[in-house]
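Copied from TrEMBL, the annotated features are:
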- 35-56: transmembrane segment (TRANSMEM)
- 36-509: domain 'Cytochrome oxidase subunit I profile' (DOMAIN)
- 76-102: transmembrane segment (TRANSMEM)
- 114-133: transmembrane segment (TRANSMEM)
- 153-176: transmembrane segment (TRANSMEM)
- 188-218: transmembrane segment (TRANSMEM)
- 246-265: transmembrane segment (TRANSMEM)
- 277-294: transmembrane segment (TRANSMEM)
- 309-329: transmembrane segment (TRANSMEM)
- 396-416: transmembrane segment (TRANSMEM)
- 436-457: transmembrane segment (TRANSMEM)
- 484-509: transmembrane segment (TRANSMEM)
- 542-563: transmembrane segment (TRANSMEM)
Amino acid sequence: MIFDLFDNDYDEDGFRTCNVTGMSIHRSVENPVKVFGLTAVVALVVGGFFAIGVALTRWEFVGLLGPEEFYRWLSLHAWNLLIFWMVFMEIAILYVGGPMVLGRRLPIPKIAKVGWGTMVTGALVINYAIWTTEAPNQAPLLTSYAPLPSSPYFYAGAIIFILGSVVAALPFFVSLWQEKSWGEGGSLPLVTFGAFVTSIIAVEALLGGLAVMVYAFLWRIEILESIDAAVYRQVFWIIGHGTQQINLVAMVTVWYFLTHIVGGAEVVSEKVSRTAFVLYIFFINLGAAHHLLSDPVVSISWRIWNASYAFYGATLASLIHAFAIPAGIEAGRRRRGKGGGLFGWLTNAPWKNPVFSATIFSIILFGFVGGITGVVMGQVQLNMTWVRTLATVGHFHGTVALGTTIAFMGLVYFVIRTMFMREFRFGRLASLQPYLYAATMTAATLMLMYIGLLYGVPRRIHSVVRDIPGTDFSLSAAEPLMMIFGPFALLAIISGAAFVVVALASVLFGERKLPGSDLVPDEGVEFESDEPVHKFDMRGTFVITLIFLGAFIVVYIANWYLLSQLWSIGP
Ligand code: HEM
């Protein structure tokens, strides 16, 4: 049965033509995409399992774990979800965006296998190191901030995992080089271009990661006598935030890919979209400085330049994509005669198709929940009310647990139908799952933000409502919101589990069938007009953009108001 998963009808040369995308796909690309995708889902299961303990502890009504276990579970939650679930998916995305979209074989396939094996080894070592952490070692959390020591195995595992990711990305780079050397010339397709930008940012992040983990490892095995905490923090965030930038750019690439295939989107202006990708290369890394906005070591001008100015270059890029993608859907659907008023193009879209709904929820929730709050808290003054509180956790669950995770869920659904060639098991649940996860995770995320912002409840602590050791400071006022957070967090975990059940049941037991026309826009309806796509109306998107702008302004003003309430200045 296992080998059956990797068997499609290929011609003598190992190619087949996908009846959904029209792409010419070689066996050597398709199989690694499946393997990396399935490995990512396993990491999602592990990280999701540890979310149970984390959520049931922070929901102090239950208060499941004591401090030691809480940090162990939180670390396993973070590494499996933020790093392994995402990075395995991202390597799959590089293979899709590179050789698959270009219609090539995967170059150096053995290197891809070595990369996968090394990444899996690194992930296992890290899980082992965290699970067996004992004093004086500390569970590393995501940041493994020096000088708190973690197990040397942890740093070794991180180095192995990072090296494995670099190795696994090599076939992608070679495929681009082949395209440039042997191809027909001209620009790379937009999706390949997006994957290429992702890979540039990834290389930068991984090199930074290698530097910081080797530094910490040498200190931990006592080759270096001491470690400079300030240097560690600055270099750490090259990968710490760098991986989030990879997530962001990979996610935007997936948005372009899936909205085009299942939503009928056209790219309204290639130049504008490509320029937005290029902006990421220049500015997004500088934005990582927002993690140090409240650190005393770096100068205030360094902080303001990087976070409050340079970062807006990357924000502009995201705003361009946030406009370009819905505009592409609107114009593309109107071109097929699926317009109808201001929002007809949206309301009559294929909402029952989980690939489509997941992609759209990802776009909306990333923008409204993760994106707006990211820009707000990346501002040097406002950062003070967010940093080190649960509001920060709310923000990044908006970006990665809503935006990226939902987009990647959509991609996995797509791979199940078009590469594993399986019909969904529990079809109704498959259609509903993106709605359930999006709704419940949004509610849990908003609660985290409110709890942090309104009451200043700190992050990374197992209990605050009942006691903060050594103080009589009470945060019990936050309890009602925690009572809302807890049940929604559990429901979000259950909805995530529903995704895993549908995905694995479909892959293993789904009916094997060529994907049907339900995956392509309006069952394959042709364009009604030959007019270029930018001639079509995009007024619906314009209205959505104004709503977004309105939400942005309200959140921005509300945050300044909250800041002004913190302390009074003057006598
Ligand atoms: C399925 C539902 C999820 C729930 C209920 C949940 C819940 C939580 C909570 C309550 C915390 C904060 C703990 C604290 O600071 O005291 C946390 C931390 C975190 N979560 Fe999640 N989470 C979920 C999904 C995800 C996903 C999908 C990702 C990534 C893709 C993720 C990544 C993280 C990270 C990176 C941290 C921070 C760890 C640290 O502070 O080092 N979570 N989660």
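Glycine too: its Cβ is placed from the backbone N, Cα and C atoms.
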Any chance the transmembrane segment (76-102) and the transmembrane segment (542-563) have 3 or more Cβ pairs under 8 A, given the pairs are 6 or more apart in sequence?
no
Against which stretches of its own chain does the transmembrane segment (484-509) lie, if we need a Cβ under 8 Å and a gap of at least six residues from its ends?
1, 5, 38, 41, 44-45, 48, 51-52, 55-56, 58-59, 61-62, 401, 405, 409, 412-413, 416, 420, 422-426, 429-430, 433, 436-437, 440-441, 443-444, 447-448, 451
PLDDT averaged over every residue in the domain 'Cytochrome oxidase subunit I profile' (36-509):
94
Go through 188-218, 246-265, 436-457, 542-563 and flag the stretch with the largest number of C-beta pairs under 8 Å relative to the transmembrane segment (277-294).
188-218
Whether the transmembrane segment (246-265) meets the transmembrane segment (396-416): three or more C-beta pairs under 8 angstroms:
yes
Paired segments the transmembrane segment (396-416) and the transmembrane segment (309-329) in contact, 3+ CB pairs under 8 A:
no
